[in-house]
Amino acid sequence: MPHSSLHPSIPRPRGHRAKKAAFVLLSTCLAALWELGEPADHILRWLVLHLASEQLGLLFKGLCSLAEEIRHVHSRYQGSYWRAFRACLGCPIRCGVLLLLSCYCYTFLPNTAGLPFAWIVALLGLSQALNILLDLQGLAPAVVSTVCEQGNFNVAHGLAWSYYIGYLRLILPGLQARIHTYNQRHNNTVRGTGVHKLYILLPLDCGVPDDLSVADPNIRFLHELPKQSADRAGIKGRVYTNSIYEILENGKPVGTCVLEYATPLQTLFAMSQDSRAGFSREERLEQAKLFCQTLGDILADVPESQYCRLIVYLDAAEGSSFSLSQEILKHLKQEEKEEVTVGTMGSSGVLESSTLDKEPQLLISGMDQPLPLRTDVF
């Protein structure tokens, strides 16, 4: 299930609108300079000089960062000063080229301000020092979020992969066999192909009670599936269990399914309650959305996705009339409709192919003489 269909509030991955806006800004500035009537060579000279100043300032900033990283060269860079240098200043060839280009621009291009080269370098160093001390060039939250998403540095990314690799990938392949074993013992309690899945609840507010009946009294625990055991990380016969719940409507059972919360959301909630984690409520909501997005993207590319269904919801956004049991019933009915549609399309395709695959048959009349095509001769 793609993340865009999980819940309307889950954000899409960031695109390239910032670069498009930069292109519009570039065009606007070029048009403004053209209207001002400045000579093209004069504009180009100042542009190159300004870019050289910015790059030289970034080199100064990188050197200040290098002073801190040298303290951690053994713990962070395995004792390699070269790796610490590259981490702060990037490619050394690029740094050398930019430094030579900056020196060339300041030496050979006309200096309209009349300042010596040493003065310009000192002013650049002064400005970068003030930027670092006063944090004048701190990254905006949107920039930090973009960097974390593009580099997969978010807490939610690690939690989603851990949840899939350490849990879902282990239990989902054998889930239908365990449900079949359970049905043999309990007179087919879990009926219908649509319910032979693991329904995973994903509340975006990370409210994960240990008892589902606390979240909604119309969700009633029924039984446990047969246990599954596996050797994991030195633990012999680690046991995995799943629970079957009955969904009630007007006091009567109307559905049965294997149901549970995604436990990493409970971790996010606990982090937001612990001041040592430095995790605000807004950050928790953002990470919960990214967790659902990442988990949906992971499951979209693996065969185990056919054995589970994600139910994403947000109580506050849905209003006070929101009912978790009704939300689960909606997904159960939708799952059945999808499977009926797929089954109907498959059967019609089989019928068509079987009809077309038949050998052609000759229809031979029992009359001695052939009949004309016209009917007015009789």
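Positions of Cβ are set from backbone N, Cα and C atoms, glycine also.
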Same-site residue for 2',3'-cUAMP (record: Swiss-Prot; known: ARG238, THR263; options: TYR167, TYR182, TYR313):
TYR167
Can you check which of 82-85, 142-145, 314-317, 362-365 Swiss-Prot lists as motif 'pLxIS motif'?
362-365
State the non-local partners of the transmembrane segment (89-109) in its own chain: residues 6+ outside its ends, Cβ under 8 Å from one of its Cβ atoms.
45, 48-49, 52-53, 55-56, 59, 62-63, 66, 117, 120-121
Please find, for TYR167, ARG238, THR263 as listed binding 2',3'-cUAMP, the greatest distance between any two Cα atoms, in Å.
17
By a simple count of other Cβ atoms within 10 Å, which of CYS88, CYS91, TYR167, ARG238, THR241, the recorded positions in the record, is least packed?
CYS91
Long-range neighbours only, meaning 6 or more apart in sequence with Cβ under 8 Å: which ones does SER162 (3',3'-c-di-GMP binding site) have?
PRO264
Taking the residues SER162, TYR167, ARG238, VAL239, TYR240, THR241, THR263, which the record names as binding 3',3'-c-di-GMP, find the longest CA to CA distance and state it in Å to the nearest whole number.
18
